[in-house]
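Feature annotations, reproduced from Swiss-Prot:
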DOMAIN    36-157  domain 'MPN'
MOTIF     107-120  motif 'JAMM motif'
BINDING   His107, His109, Asp120  Zn(2+) binding site
Amino acid sequence: MNPKTSEYQKQQRYQENEILEHAAEILANRYVRGDALTNPDATKEYVRCKLGSYEREVFALLLLDNQNRLIEFKELFQGTVDAASVYPREVVKAVLEVNAAAVIFAHNHPSGDSTPSQADRRITERLKDTLALVDVRVLDHIVTGDTCTSFAERGWL
């Protein structure tokens, strides 16, 4: 491998990551506490900018009030390049700490393929059932990679 090409690729990747970080900041400023998450495409793009640059899987929560206004975006678990352990107890704890009425789950696939795995579908169902016990609505689970996949849009919720 040509060392100059390798250095160029590293530099280009670094610049791309900087751009993504700035884009995430801009989107984060658009979705501040109190903003209603009513546009699915904008919500997917927000999640993609927040989680898209990670090299490991990260599972996060968009914690919402009764009017689906953002209370907090919380990164809860970090895993490996192809998996992240998600613990329902910790999810319930995070939701109740801010008195959220609804939640959107989000996680990234560093591979770029946003197709949800069977494990993704199972944990989503388990979390949905668990949160129903404390009257918290699960509105969506967004998986981000090169594109975003919405469980709600696929009719899986």
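Glycine too: its Cβ is placed from the backbone N, Cα and C atoms.
In this structure, of the binding-site residues His107, His109, the smallest number of CB atoms within 10 A of the CB marks His109. Neighbours of the Zn(2+) site: apart from His107, His109, Asp120, residues of the same chain with C-beta atoms within 8 angstroms of the site's C-beta centroid are Glu57, Phe59, Ala84, Asn108, Ser114, Pro116, Ser117, Val143, Thr144.
Around the Cβ of Asp120 (Zn(2+) binding site), 22 further Cβ atoms fall within 10 Å across all displayed protein chains. Taken residue by residue, the domain 'MPN' (36-157) breaks down under DSSP into 37 helix, 36 strand, 49 coil.
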